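Structure first, commentary second.
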Protein chains: 2
Amino acid sequence: MDEYYMKLAIEEANKAAAIGEVPIGAIIVYKDEVIASAYNLRETTKNATTHAELLAIQEACNKLENWRLEETTLYVTLEPCPMCAGAILQSRIPRVVYGARDAKAGCVDSLYHLLNDSRFNHECDVTEGVLAEECGNLLTEFFRDLRAKKKNQKRQL
Amino acid sequence: MDEYYMKLAIEEANKAAAIGEVPIGAIIVYKDEVIASAYNLRETTKNATTHAELLAIQEACNKLENWRLEETTLYVTLEPCPMCAGAILQSRIPRVVYGARDAKAGCVDSLYHLLNDSRFNHECDVTEGVLAEECGNLLTEFFRDLRAKKKNQKRQL
C-alpha cells in the first residue's frame with residue numbers, strides 16, 4: 001500500500017518538473033482516502049514556504065477543519081527539510097513515509113532526527129526508502145537537464 | 001531600534017491574546033520599513049502552519065515578490081519552533097531577533113541551533129532576549145488566565 005501512495009506522490013512531483021519546479025511531491029492519506037496532494041511551487045509562487053509537504057498539510061487541515069491531523073499518513077518523495085519536519089510535528093501527523101534521503105537538508109534521518117525527539121510534544125512513526133530510487137532519479141534528472149539547458153544557453157550567447 | 005520593533009511584535013501578540021490565541025507576534029523589517037506583521041492564528045484558522053513567523057514570512061514574500069527575503073530582519077516575541085526556524089532558513093532571512101526563550105520547543109538556542117548549522121545553505125545572525133521579560137509575561141499571563149477560566153467553568157458545572 002505504501003508503494004501505491006508513493007506513486008501518487010511521484011505523480012505530484014512530475015507535475016512540478018513539468019513547470020520547471022524542483023520535483024518533490026506529497027500526499028496525505030486519512031482513513032484510506034487521499035485528502036491532500038501537492039507539489040513544490042517555490043518558484044511559481046515566489047514564496048519560500050510553498051514546499052510540497054507544507055501545502056499538503058495546509059490542504060489537509062482545511063479538509064479536516066482541524067490543525068491536528070490525527071489518523072493520517074504523509075507520503076513525500078524526499079526526506080523533509082527542517083521547516084516541513086517542523087510542520088509535521090505541529091500538525092501531529094502520526095506516520096510519515098518518504099522516498100529518497102536528502103543528505104544536504106534532510107531532518108528526519110540525515111542531519112537531524114526531528115520527528116523522533118522525545119523532548120518535543122509529538123513523535124512520528126517513520127518509514128524511509130519507499131521507491132527511493134525512482135524518487136531520487138526524478139531529482140537527479142531534473143538537475144542534469146537544468147545544467148544542460150544552462151550550458152546550451154551560454155553557447156547561444 | 002531592536003526594542004522599537006519588538007514592541008510592534010508585542011502589539012501583534014496582544015492581538016492574538018484578545019481573540020484567545022496563544023500570544024505570539026512577529027514582524028519583518030526591510031530597509032527600515034515594516035513589510036509584514038502577524039500573530040499566531042492556529043485555533044482561528046484550524047491550520048497548524050499559521051504561526052506568527054510563518055504568516056509574516058508569507059506576507060513578506062508576497063510583498064517583495066521573492067522567496068528570498070534578503071536585507072530583512074524578523075522580530076518575534078518567542079524563540080521559533082522547528083517549523084518556523086526552518087521557514088527562516090528557507091526564506092534566507094539574514095537576521096532574527098527574538099524575545100523570550102522557549103525551553104520546550106525552541107530551535108534557535110534551547111533544544112537546537114538550527115539557525116547556525118553550517119551544514120545548511122543558510123545561517124542567521126541571531127539576537128535573543130530583547131524585551132524578553134515582557135514577551136514571556138504575555139504567555140505566562142495568558143496561560144494563567146486560561147487555567148483560571150477553566151477552573152471557573154468546572155465550578156459552574
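Yeah, the Cβs are placed from backbone N, Cα and C, and that goes for glycine too.
The annotation domain 'CMP/dCMP-type deaminase' is assigned in TrEMBL to A:1-109. Under the heading Zn(2+) binding site, TrEMBL lists A:His51, A:Cys81, A:Cys84. Marked as active site, proton donor by TrEMBL: A:Glu53.
In sequence order, A:His51, A:Ala52, A:Glu53, A:Leu54, A:Val76 are the residues near A:Cys84 (Zn(2+) binding site), counting only same-chain partners six or more apart with C-beta under 8 A. Checking the recorded positions A:Glu53, A:Cys81, A:Cys84 against chain B with a Cβ-Cβ cut-off under 8 Å leaves A:Cys81, A:Cys84, in sequence order.
Taking a C-beta cut-off of under 8 Å and a sequence gap of six or more, A:Cys81 (Zn(2+) binding site) has these contacts in its own chain: A:His51, A:Asp102, A:Ala105, A:Gly106, A:Cys107.
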